[in-house]
């Protein structure tokens with residue numbers, strides 16, 4: 001792991017990497033002689049991050065070669081599992097495993113009293129280790145960067161070597177919900193706090209021609225048009241018990257953790273928009289009626305990701321058609337959202 005950003009050349013990939021796309025000849029829908037080196041940045045976003053699964057499925061189905069991936073929080077989780085060799089169907093199967101309420105409860109190890117967080121996260125770490133085993137970054141099929149937030153330096157911290165599971169655990173430790181993750185003498189929290197959409201880091205680390213960014217967080221425009229339902233129940237009216245316990249429920253609307261997470265989102269929305277403008281293609285699979293902890297509705301998020309990625313395919317194919325990619329001094333991002341289609345941003 002490192003907190004510096006030297007430029008590196010990524011290692012060999014698999015079918016989903018630029019290094020092997022040409023081997024598939026006429027069976028590939030995209031087969032340039034020397035395909036551009038495309039990076040993929042996946043944002044944080046809680047349950048909304050399951051839309052990354054749908055995006056990856058569409059890229060895989062269309063043989064879009066990915067040279068390297070960077071992710072924060074849920075983007076790190078989905079991206080690292082894909083980089084480890086799981087395909088789109090396997091990612092969807094894993095998403096289903098964490099949608100059952102009983103399965104979710106088995107991942108929670110509550111802290112009493114809840115001083116630094118509500119849960120320790122040890123069970124989440126073990127779940128990651130069951131999925132990824134003892135894989136290291138060096139063993140991944142596609143080069144991967146996992147971004148966490150260093151609580152002491154208050155800066156993004158990039159994991160790129162050593163075991164993958166602890167890095168994802170650190171990147172996905174939601175402030176106020178999960179206690180900070182200690183690795184060595186450093187304390188880490190959710191990567192979304194400092195770098196929710198790691199486009200710049202991805203460019204600095206790899207010799208890329210273009211970056212596709214996937215931002216599942218709301219934008220300021222989304223919030224002004226639809227409001228933000230990130231912290232509200234989707235459809236269910238609060239039960240009598242929920243209303244009764246509201247004064248002592250730290251996560252209830254308007255209570256301490258709800259207010260803390262809303263304040264954190266204020267920074268994340270701006271950071272995500274800024275980083276998204278640095279990508280050649282920005283995919284925005286945002287669902288206005290969504291909640292950060294709505295893991296039960298995984299199918300909806302995956303489908304939202306698929307629709308946004310399908311809208312972006314012409315722009316992505318245009319990137320791959322470049323025979324000699326050159327830096328564009330008049331950088332223009334093609335913005336592709338679920339509801340608006342694609343337009344130059």
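Glycine too: its Cβ is placed from the backbone N, Cα and C atoms.
TrEMBL assigns the feature motif 'GXSXG' to residues 71-75, out of the candidate ranges 71-75, 76-80, 81-85.
Per TrEMBL, the stretch carrying the note region 'Disordered' among 1-35, 36-70 is 1-35. The distance from the Cα of residue 73 (active site, nucleophile) to the Cα of residue 190 (active site, proton acceptor) comes to 6 Å.
For residue 190 (active site, proton acceptor), the Cβ neighbour count at a 10 Å cut-off comes to 29, with all displayed protein chains included. Shown for the motif 'GXSXG' (71-75): DSSP residue counts in helix, strand and coil, namely 2 helix, 2 strand, 1 coil.
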